[in-house]
């Protein structure tokens, strides 16, 4: 991994204390998206990791609603594979399957179209940030329901103190940047 590219990416993540609620330190990726060099570097770094780890044995990238959509298609294009969408409930047409996950005050659901993947296809799930792991875990559940193989989950940022990586169990996880 190129240290200079990683530094370029890290410089474009800013922090906002007490947002959206007191006690939370929000990691904002907006400056990264605004800067084409930093965004390209983030895609190159993620793609480089996946190429070296899976040597071309990835069929699809699955982008998580909504900020995973910002990275999923570009990452898929860099790898020469397709991209499928995992959406919040009620956003996809046609037959879907769903998986629930816990929120701070209730629960939510993710969906994927039933015909999005074939059994045995190898998929990498991407999102902008891993916190508690609830959304990523629900996405893994969806892909397992379709009998696809989740080969890895990746994100730009990982909040290590929230232990989301542990929630994923044996599924490999990679992040470019780690914060407490």
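Along the chain as shown, the residues are counted starting at 1.
Glycine is no exception: its Cβ is also placed from the backbone N, Cα and C atoms.
Per Swiss-Prot, the features are:
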- 2: N-acetylserine (MOD_RES)
- 4: phosphoserine (MOD_RES)
- 15: phosphoserine (MOD_RES)
- 30: phosphoserine (MOD_RES)
- 60: phosphotyrosine (MOD_RES)
- 66: phosphoserine (MOD_RES)
- 114: N6-acetyllysine (MOD_RES)
- 135: phosphothreonine (MOD_RES)
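Taking the C-alpha atom of residue 114 (N6-acetyllysine) as reference, the shortest distance to any of the modified residues 2, 15, 60, 66, 135 belongs to 60. Comparing the modified residues 2, 4, 15, 30, 66 on other C-beta atoms within 10 angstroms of each C-beta gives the minimum for 4. Listed in sequence order, 64, 101, 110, 127 are the same-chain residues six or more apart from the residue listed as 'phosphothreonine' with CB atoms under 8 A from its CB. For the modified residues 60, 114, counting C-beta atoms within 10 A of each C-beta gives the highest total at 60. Of the candidate modified residues, 2, 4, 60, 66, the one lying closest to residue 30 (phosphoserine) when CA atoms are compared is 66. Across the structure, residue 4 (phosphoserine) and residue 15 (phosphoserine) place their CA atoms 21 angstrom apart. Across the structure, residue 2 (N-acetylserine) and residue 15 (phosphoserine) place their CA atoms 23 angstrom apart.
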